[in-house]
Amino acid sequence: MIRIIKLLCVQEKSDNLKVPAGDKMRCSLQKDCATPTQEKFLQMGCQIVFSLFLLLLSCGESFAGDAVDQLKFSTQECKIKEPIYGSTFDFSGLRSDLAHVVESVSNGGDKFEFNICGNLSRTCNGESNVAACLKKQGKEYIIGRQHELFYNSGKLYLIYKNGAKCDNGTTSNPNYQLHVLLKCDYTLNAQPMYITPYANNACSFYISYETPLACLPIPDALQSNSCSVRDTKSNGTFDLMPLSDSNYRTSNRQGSVFLINVCKPVLYGENSMCPPGSSVCLFNPKATNLKERFINLGNVQSRPVVENGLLLLRHESPTPCAKNSSANYSSVIYFSCDKFISNAHPEFAGLGADSCTYQFNFVTPLACNDLEPCTAFTTTNEFLDLSSLRTKPARTLIKDGKNYTIAMCANSGTPCQENGGACYEQNSTTISLGNSNSQLRFNQTGSLYLLYEDGAECSTAAGIRRWSTKIEFVCANNATKDNGGAAAGGSDSMKIIEDSNCQLLIQYQTPLACRKPIKCKATIYVDHTTDGLGSSGEEMIDLTPLISATDNYEAKVELPAGMEHLVPKATKFFLNVCRPLVPKYQLGCAGGSAACMAKVTADGAPEEERSMGFPLVSLSQTNRTSAELLYLKGDPCPTDNTTELSSRILFNCDMRAGRGQPVLRSIEDCAYRFEWQTNVFCPPHECIFSEDTCDLVHDELGRRFNFKSAPFTKDGKIEIDYNATKMSVNICGAHRKAMTDYSQALVNIFFTHESPNCGKEGKMNVQIRLICSNQTKSSSTISSDQQCNLLYVQRTPSICEFLSLGVAQQDAEGGGSSSSTSSSTSSTTTTTTQASPAGKPTEAATSTTTTTAGPDPAATPIGPTASVGTILAAILSVTFCVTCVGLFAFSPARRQRVRRLFRRSNSAVRYSRVQSNEEANLLLEPNGEFTESDDDMLL
């Protein structure tokens, strides 16, 4: 708009006008200005139009501001009404007679006790009527006497106020304060609360509480606790429920964002206010109408289907399609197998031919059906192998006079039937409790279980059913009371929990079910705009790609000169990420250690090993480009036996670093601080695709990749087997979108391909995944619907340097990534060729082109009608002024925003990528701890 106004009024030197230089003005719609009088009329008109623009801008901001005001309020009560859909969040169910207790392991075991919708039943520091209490080093501190419930753009949180005076308090916040963030989670987790790390002298504390009470209700017709389907061809079962534990965000590549959950509705939260029951919704940040800001593109669907060998979910929406009023929106998510992918998430493939159906591709280990029996991959690519249980003889348990016989992932044998996995005997009668199978599954909380179905008929109040047996696997480790029995294979490792309603429930404790002890991912709210109306929301920081099950990382040592004497010669440091060290090279640190220091002899053998900490605290986020891990409770410190060794690892996003390597930077008070520059959790970057040269250009890194010379193409084209023919797809061309995905070590290319024999309109949505690999290998999956969808996976070492990965990722189990071919409606092809150094990226050339526009020879004079336009503009301005004044008169908030419009400064904070030479500490001090001045930024 401003640019248009500037084009209307352009000052230029004119030899034809004998007037002072300051009065010389030319309107771009006329060839010449006839007289100074007419010119002044035009100048007046331009000024009026510009004033009119400012008024329009102020009113537009006012309306947008009103939307913001509707999304920010608080109450002293324990319930709050949702402003868009009218639902009520009632947290009175969280009131506890025993209080909620959270312990901070990273802060020496500080213990927080608080209640919601009420006070503690005990005193704190000798005072009653207290809502929150902190026990720290034997002393008690009141950190809140009552709380207030806040709502801010979908975020729900409690602030506990009027705490005791804090020695490190500020003028604005002199007292202790507790903030409890209430987060939506449809499942009841065993540990729903966790605390954000804080400095030892902090006055404000932040606890996250995951609860179904912070969710919108699920419509009865959409309720379900399972999300699986049996593949009749492979006789395997696909279970997608583990994907429901978090939302996924993916761009539509046009300024809006899709919010997606699998098998559950989108989890309600900050800028995630999707309609009730929706699993796929479009977040349009520019919409001023709140109900139009989040568009339902598909209700929750918990019944996946296998069509022609392809696993998918179809989501139907009740919302009419904007481009076709006779149809509603819908979404289809196609799931493809990759056994070793670390950070699985969906990508938008494109629109269907009807412009109402949205297509997504989701590559995940959960779509693989060729796993070994009694094994499974978690959503974080952790491999669980319980296959050794298959060879153990069936177990016999006795309860209520019944003899139960159960086998794991195998037939139980006598006295059960031929295919029986479990049965019981009573009065010389054998009853089948389900047929055996070896398909491990995960429930909605992520717990592992085995389900035997189709047992003998069973009578219930609801009618005739069939017996089933559910075996839940529980980790048995050093912290489990029954570990001894489980490890030895004793009878106390398997217990009957329940035998009712035609189902036998068994709990089996085994070390084979143990998973990583801590979370290696964290969410953080990122505001991408200055006005808060942009595509802001929670984004995931995920370090799971750095977890190694085969090797440990060796850290470099780069200490200041004054600290070098603290590290003896020949000392080496070994670390892993979010898990214990891999037992290799005779490394003798205490089992479970995640960091270890050792002297290395001349022949390479480690000695004098010391544990530098255990993975006891989950990953904590600093900001979008920085995160931190703490390893605690290591061996006694050599210089102070009363202190335990610990390690702090600060991860910083650096697109040039590749996977990176830890570097020891400092040692203070027996705490070792490492820095790790890596690109595995850097935000996606949109690259430039050159239509003319078929080059992929990374503008920030100055790197270029040419598809015409790539080893896996023929002059930029790839061939796909489709309907018994070869279909050629040209990667080169117009309207290509290219995005890096550092977490998966790949580049995504999106475009539409003309394919006359595919779909209704002969068009195909194409997604090409170029994965850094030590092989050159391809696979393709085509789904035929109203509009075809092609997912083409190309593994190649030639793309590695473009992604700053100097060494190709190893395609081996336990590390790197690999491809598994999925079937489709047509055919799937896999070809392997020898890796070639061709197609290496080169430095991108930088050029600047400046174009100067001369006088427009086609411009014609407007003549005296310009004065008429001026008068009309003045009339319109007055009319608009009266309208706006009427609007402002009844809204103090609008008046205040207009004042701010004319005195606005450039102090707004914008999100920007942190470069490698910058401190990535927007919320933390250099020591990585929260400070009091950062409190407001967390909320």
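Count begins at 1; order follows the chain as displayed.
Placement of Cβ uses the backbone N, Cα and C atoms for every residue, glycine included.
The compositional bias 'Low complexity' annotation in TrEMBL covers 818-833 (among others).
Residues or ranges marked as compositional bias 'Low complexity' by TrEMBL: 841-861 (among others).
The domain 'MRH' annotation in TrEMBL covers 76-217 (among others). Look at the domain 'MRH' (76-217): DSSP puts its residues at 9 helix, 64 strand, 69 coil.
Residues or ranges marked as domain 'MRH' by TrEMBL: 225-370 (among others).
Each residue in the domain 'MRH' (372-516) gets a DSSP state, and the totals come to 17 helix, 67 strand, 61 coil. The annotation domain 'MRH' is assigned in TrEMBL to 372-516 (among others).
What TrEMBL records for 518-684 (among others) is domain 'MRH'.
The region 'Disordered' annotation in TrEMBL covers 813-861.
Positions annotated as transmembrane segment by TrEMBL: 871-890.
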The recorded stretch from 225-370, 372-516, 518-684 sharing the largest number of CB pairs under 8 A with the domain 'MRH' (76-217) is 225-370
Within the domain 'MRH' (225-370), residues counted as helix, strand or coil by DSSP = 12 helix, 71 strand, 63 coil
Mean per-residue pLDDT computed across the domain 'MRH' (76-217) | 92
